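Annotated features in TrEMBL:
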- 1-21: signal peptide (SIGNAL)
- Glu117: active site, proton donor (ACT_SITE)
- Asp258: active site (ACT_SITE)
- Glu351: active site, proton donor (ACT_SITE)
- Glu372: active site (ACT_SITE)
- Thr475: Ca(2+) binding site (BINDING)
- 517-560: region 'Disordered' (REGION)
- 537-547: compositional bias 'Basic and acidic residues' (COMPBIAS)
Amino acid sequence: MPFRLLVPLGLLCLLLPLHHGAPGPEGTAPDPAHYRQRVKAMFYHAYDSYLENAFPYDELRPLTCDGHDTWGSFSLTLIDALDTLLILGNVSEFQRVVEVLQDNLDFDIDVNASVFETNIRVVGGLLSAHLLSKKAGVEVEAGWPCSGPLLRLAEEAARKLLPAFQTPTGMPYGTVNLLHGVNPGETPVTCTAGIGTFIVEFATLSSLTGDPVFEDVARVALMRLWESRSDIGLVGNHIDVLTGKWVAQDAGIGAGVDSYFEYLVKGAILLQDKKLMAMFLEYNKAIRNYTRFDDWYLWVQMYKGTVSMPVFQSLEAYWPGIQSLIGDIDNAMKTFLNYYTVWKQFGGLPEFYNIPQGYTVEKREGYPLRPELIESAMYLYRATGDPTLLELGRDAVESIEKISRVECGFATIKDLRDHKLDNRMESFFLAETVKYLYLLFDPDNFIHNNGSTFDTVITPYGECILGAGGYIFNTEAHPIDPAALHCCRRLKEEQWEVEDLMREFFSLKRNRSRVKKTMSSGPWEPPAGPGTFSSPENHDGVREKKPAKQKTPLLSCPSQPFTSKLALLGQVFLDSS
């Protein structure tokens, strides 16, 4: 018997689709220019509060007006906010922060860091800032974008993560010590997103530096997950990276899984990789068949497809944006409108929302100022121009300003029912939430470039086009210029063609020289064979050399019990069975 959602009659009005073009306050649609300025003011209230009260710590504690380290002690908010500064047009502060990071960032520290978070926030943030540096008026060094101080910092940070991938399966541990590698007692259980969210940053890094190791480990991790899917085409929530066995078998599109699906789509677009897109489309069929009910997406058992949790998680609100990227606009809008009803009910998205009951889940009533629904609104507005999407942006600005704004920034909403606040302002508020809001209301931003303008740069590999648009946002909303991936590498086929021509040329030249020599002073000798000439790996010198051996040895760790079904920001959703 098919599953059907039972909605209390009193909540039925909340779940009806919103009318397209519904008026804003005073009967008018939201004014983009007005809300652009409001969003910019929000950014600077939060950013200035961080600088004045929390720097050099990772994040601001807005209720006590101080700072604390959260994901590793990187001045994380500064890295996360850097490309947002340029999107808002603040070139001078972008330049100042670049100098601060160049002078102060140090990854040789005895800190246990999340492999996932360090990648998306630190590596992604530094790569994006590196690629935007010239646009921001930074004096770039010769060879940019194939070299530069921010690129070197991004590479250094990524190398600190590589020991985590040294497992029998190629799927990474969730945590690594930046000085010592993987701790001997580290749990081998990692969430699916923590394994499959590297291809955007690592492929970019490999393309810019010429070192294939980053893209290679990211692709292996993606493939191991693909090979581990169930017979009905679903993946679970947590897996043992030593054995490849699923530990948490709940399948869905939300917490613990989300950015794996996101990176299959974005990786396919960034790399023009048909295989990655084919993988996502196969998953998409299974997701529609087993988890979608009335344009909501539930959690199901990955092997049987039976419903395990009829909840909507705020992290799932990225999904309409991904649907828009593959051209599935109608379904994207239907799901978006479902999620928007939840926002209108609470003035934000609770972490968990029980769909049949139409209310929050106990201990999951908070809203940490997440960006996902706003992100989807931005993508869909670019695709449709539907004013309903601007209304979500307006509602987000009004809600966050009214509920979350405090003297020192914006505070996480601990409980949407009574608007209690928590003493934290996540760095993603400046990296993602504010950025997507601003881009929603700024149709002429350079990020939205349609290719009508571009910059030409000269690299060691020839002329290169940058800034033509088509930016790919990583899951922390750091934009990557896809054209940059072609600036610092020559296709192997092109290398081989050139080398074949060079071999032929030098072979002819040598033959002629030896013929002349034979005619004048002795017997003729055969020309040297192809082995005389340097291989493709040697032609580019340092750029194509093999990566240095990692000092951190392969560490084995004992299998540890894991009884959690879902993990969210370090908290767990316990299996009560």
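Each residue, glycine too, has its Cβ placed from N, Cα and C.
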Nearest of the recorded positions (Glu117, Asp258, Glu372, Thr475) to Glu351 (active site, proton donor) - Cα to Cα
Glu372
Tell me the Cβ neighbour count for Glu372 (active site), meaning other Cβ atoms within 10 Å of its Cβ, over all protein chains shown.
24
Can you give me the Cα-Cα distance between Asp258 (active site) and Glu117 (active site, proton donor) in Å, rounded to a whole number?
14
Where among the active-site residues Glu117, Asp258, Glu351 do you find the Cβ with the fewest other Cβ atoms within 10 Å?
Glu117
About how far apart, in whole Å, are the alpha carbons (Cα) of Glu372 (active site) and Thr475 (Ca(2+) binding site)?
10
How big is the Cα-to-Cα gap, in Å, between Thr475 (Ca(2+) binding site) and Glu117 (active site, proton donor)?
10
Number of other Cβ atoms within 10 Å of the Cβ of the residue listed as 'Ca(2+) binding site' across all protein chains:
25
